[in-house]
Amino acid sequence: MLQRTSRARLADAVSPWFVLIGFNLFCVWAATGYVMGQTQSKEYAEPEWYADLWLVLVWVTYFVVYIRTLARRAEPHIYVANWYYMAFILVVAMLHIVNNLALPVTWGSGESFTIWSGVQDAMIQWWYGHNAVAFFLTAGFLGMLYYFLPVRAQRPIWSYRLSILSFWGIVFFYMWAGSHHLHYTALPYWVQTLGMTFSVMLLVPSWASAGNAIATLNGAWHKVRDDAVLRFMFVAAVFYGLSTFEGSFLAIRPVNSLSHYTDWTVGHVHSGTLGWVAMIVFGAIYSMVPKLWGRNDMAWPKAVEWHFWLAIAGTLIYVVSLWNAGITQGLMWRAYDEGGALSYSFIESVEAMLPYYAARTLGGGLFLAGALLCALNCRATMRAAGNRVDEADRPLATQPAE
Amino acid sequence: MSHETLVLIAKVVGPIWMGGFLFVVLIRAYNPRRKPEQERIARSILPDADAEDRA
């Protein structure tokens, strides 16, 4: 996308391979750390210092390749999707470095201690954690939405100026929202309130992006009806709107008193990851794979339709069952009898989860079945690669000799 | 600098700086003179945009 929207080749031939292999190596290192009990016990930031330092090296290289490619673009402007990618790379680097500042016990040991202490450690962790949701799990995927949805619908984004405003709104507001993870803790009350306020304000730029995507489809609803790939993107925008509304709602202190530590939070996260992030990724995969392998369409077009309905059914069953599970847990934990004692033991609240977890397994199974179908369809498409050459497709700027 | 002064600066300067920056973005993004350029940018990614540019 960066190359295509900039009409320029990547700035280097070797460093992109370093980023690809290096990032996967980091994942292997992080996963082996879990197995060996080497973690620094920070949510979403478990890997120890040796893996963290390696990731800094990989990520800075990624940023350098990105910026150098952008600098040699043949377009006067930077398309809005590339702003989102830039924010994704830059902010993830910033978050990762600050939250993982730690001193190893010895150079020969995997163990370390964070330099942050007490409640400041908690605040840094959730400044990191919530912005990981914002910039690792949202910004890059909004970049995909702003590119693939207009291209697939063959209509320009409904309001380009609104896309600029919502970009900066998301960048400014998300930075302050992390403290809503620390309601009713030792964190100063005003910091909790600040996080809650900015979380509610976040709804404005989030819905601006979701609304902008949906309004782009005005006049193209027949394509949404007929084309499962575009429907994936439409559903992604709808779930983005739904999950950001839910996120703002859950950040409100009294709501959080019911929802925190329950499966409602888990349901909310899966509404975002399955309904929004995965759906836009499936849309992007089905747009790119035929193009990359010289075909007009996927090898099994009907399987795309099947995948769509499996993904929708799976997500809805999964999320609705966890809403029910979480609210049930929250209500059971805060129920008292006439003498002021807890009405239920913790294990009773676990036993009450059985029907919801069974439904969750079914939902997850349907979603996974759809993803497997997608993988097989991609394999079949690659094996049946065509030799179609689209003469009108000129991704790079015209060279002087031409 | 005392803790209270630092907290006051964080509470006042942070929101003003951020709100001010967003106001500048609002003015620049919604400047009517930028509209034709924005429309061109929005269309630049569409499949037929390359052909139009070359024509």
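Just so you know, the numbers here start at 1 and follow the chain as drawn.
Including glycine, each Cβ sits where the backbone N, Cα and C put it.
According to TrEMBL, the transmembrane segment annotation covers A:12-37 (among others).
Long-range neighbours of the transmembrane segment (A:49-71) within the same chain, counting only residues 6 or more positions beyond its ends whose Cβ lies under 8 Å from a Cβ of the stretch, are 2-3, 6, 8-12, 15-16, 18-19, 22-23, 25-26, 29-30, 33, 40, 78, 82, 85-86, 89-90, 92-93, 96-97, 100, 102, 104, 110, 112. Annotation comment: TrEMBL describes A:49-71 (among others) as transmembrane segment.
According to TrEMBL, the feature domain 'Cytochrome oxidase subunit I profile' maps to A:69-373.
Among residues of the same chain six or more beyond the transmembrane segment (A:83-107), those with a C-beta under 8 A of the stretch's C-beta atoms are 1-2, 40, 42, 45, 49, 52, 55-56, 59-60, 62-63, 66-67, 70, 113-116, 124-125, 127-128, 131-132, 134-136, 139-140, 142-143, 146, 167, 171. Look at TrEMBL and you will find A:83-107 (among others) tagged as transmembrane segment.
Per TrEMBL, transmembrane segment is recorded for A:127-148 (among others).
When Cβ-Cβ distances below 8 Å are used as the criterion, the transmembrane segment (A:160-177) is approached by residues 80, 83-84, 87, 91, 127, 130-131, 134-135, 138-139, 142, 146, 194-195, 198-199, 201-202, 204-206, 208-209, 212, 251 of the same chain, each at least six residues removed from its ends. For A:160-177 (among others), the entry in TrEMBL reads transmembrane segment.
Taken from TrEMBL, the feature transmembrane segment applies to A:189-208 (among others).
Here the transmembrane segment (A:229-253) has long-range neighbours at 141, 145, 148-149, 152-153, 177, 180, 183-184, 192-193, 195-196, 199-200, 202-203, 206-207, 209-211, 213-214, 217, 220, 223, 259, 264-265, 268, 271-272, 274-277, 279-280, 282-283, 286-287, 304, 308, 311-312, 315, meaning same-chain residues at least 6 beyond its ends whose C-beta is under 8 angstroms from one of its own. Positions annotated as transmembrane segment by TrEMBL: A:229-253 (among others).
Under the heading transmembrane segment, TrEMBL lists A:273-294 (among others).
For the transmembrane segment (A:306-326), same-chain residues at least 6 beyond its ends with a Cβ under 8 Å from one of its own Cβ atoms are 228, 231-232, 235, 239, 259, 262-267, 270-271, 274-275, 278-279, 282, 353, 356-357, 359-360, 362-371, 373-374, 377. Per TrEMBL, the feature transmembrane segment maps to A:306-326 (among others).
Sequence annotations record features per position, and here TrEMBL assigns transmembrane segment to A:357-378 (among others).
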Stretch of maximal Cβ-Cβ contact with the transmembrane segment (A:273-294) [cut-off: under 8 Å; candidates A:12-37, A:127-148, A:189-208, A:357-378]: A:127-148
Mean of pLDDT values spanning the domain 'Cytochrome oxidase subunit I profile' (A:69-373): 96
